[in-house]
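The annotation transmembrane segment is assigned in Swiss-Prot to 33-53, 77-98, 113-133, 178-198, 226-246, 288-308, 320-340, 347-367 on the grounds of similarity to another entry. The heme b b562 binding site annotation in Swiss-Prot covers HIS83, HIS182. The feature heme b b566 binding site is assigned by Swiss-Prot to HIS97, HIS196, with similarity to another entry given as support. Summarising the annotation, Swiss-Prot assigns ubiquinone binding site to HIS201.
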Amino acid sequence: MTNIRKSHPLMKILNNAFIDLPAPSNISSWWNLGSLLGICLILQILTGLFLAMHYTSDTTTAFSSVAHICRDVNYGWIIRYMHANGASMFFICLYMHVGRGMYYGSYTFLETWNIGVILLFAVMATAFMGYVLPWGQMSFWGATVITNLLSAIPYIGTSLVEWIWGGFSVDKATLTRFFAFHFILPFIIAALAMVHLLFLHETGSNNPTGISSDTDKIPFHPYYTIKDILGALLLILALMLLVLFTPDLLGDPDNYTPANPLNTPPHIKPEWYFLFAYAILRSIPNKLGGVLALVLSILILILMPLLHTSKQRSMMFRPFSQCLFWILVANLLTLTWIGGQPVEHPYIIIGQLASVTYFLLILVLMPTASMIENSLLKW
């Protein structure tokens, strides 16, 4: 008699994806991030669901309802802070996951990579709309500034912004629709993640060497299930340390002031995970140019497979490319820092230099280094 997990139509799918899946024997902890992202998504959906039970998406009561969740709902404070800080953990895992893909050449799995970029955009959109919901000062002004960027689109810009707002300013209609979108998008993300996994399992996982591992595969369970459980425990430990000791560390104090359209905060800035893109946006004096640079800073990931000029897939044996990769990481950290600073000297010029360096590294320096490494192989 065959095992039920191998014969049952539904169990068979799960078995082939998580139990009997042939996995490379040498994948490192950088390959844990996919499962961690899955855990983050489930956690966000669950905490978000419980928050939605008590939240009201009306401009007059939204701020009060969040305060009510924290003060009066049983364990509401922990659910709220797990949701807010869970988003930060989500983005830490997400950026590390993308970085891993760039370092080890995982972008050569075209379908998997492109779905991943779409997922990144979807998660960013969800996080942005979620930040608007508490209806604090930074929620309101963040929504106003970011949605207003669409007015830079020629001809249709102004109409588009007013259509998104549902009026002539960010108001009740905007908040209600943002709540609706914020609720539905995580389920779309979950569906896309399944497609992402489907395409990955068509080719099998990459590994640190970038060399085919077809001759040396091991079953996913128990080897990588136990490894993923360790990763999950560390993720939950980090999240709970953040939630229980410094829940407001990554938030903005301005968001504890109810939204007031008549009073602009001195420094409008998004959550920390968008600061690098915000710095690129601000570094260009032209509105349309800034918006294009903002979109391209993420969309540039689509070009990664085209910019791959090396004969080797992974950067494991490419020291020049490794140096440039870590310079890129340092550059992104610099941009993140600049995004949180006021628009004044010397931050303006640092931001502009870091923005130019960002595009220069990805579009010119890294492909050139790969070509130099190719020629060195002939020696």
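Cβ atoms are placed via backbone N, Cα and C, with glycine included.
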Comparing the Cα of HIS83 (heme b b562 binding site) with the Cα atoms of the binding-site residues HIS97, HIS196, HIS201, the shortest distance belongs to HIS97
>> Can you work out whether the transmembrane segment (320-340) touches the transmembrane segment (347-367), with the criterion being 3+ CB pairs under 8 Å where the paired residues are 6 or more apart along the chain?
In response: yes
Taking only the CA atoms, the spacing between HIS97 (heme b b566 binding site) and HIS182 (heme b b562 binding site), expressed in whole angstrom, is 23
One should report the C-alpha separation between HIS182 (heme b b562 binding site) and HIS196 (heme b b566 binding site), rounded to whole angstrom, as 21
Within the same chain, the residues 6 or more beyond the ends of the transmembrane segment (33-53) and with Cβ under 8 Å of it are 69, 79-80, 82-83, 86-87, 89-90, 93-94, 96-97, 100, 182-183, 186-187, 189-190, 193, 228, 231-232, 235-236, 239
With the cut-off at Cβ under 8 Å and a gap of six or more residues from its ends, the chain residues touching the transmembrane segment (226-246) are 29, 32-33, 35-36, 39-40, 43, 78, 81-82, 85-86, 88-89, 93
Here the 10 Å Cβ neighbour count for the residue listed as 'ubiquinone binding site' comes out at 14
Long-range Cβ contacts under 8 Å made by the transmembrane segment (178-198), restricted to residues 6 or more beyond its ends, are 17, 37-38, 41, 44-45, 48, 52, 55, 57, 112, 115-116, 118-119, 122-123, 125-126, 129-130, 132-133, 143
Same-chain residues at least 6 positions away from HIS196 (heme b b566 binding site) with a Cβ under 8 Å from its Cβ, in sequence order, are THR112, ILE115, GLY116, LEU119
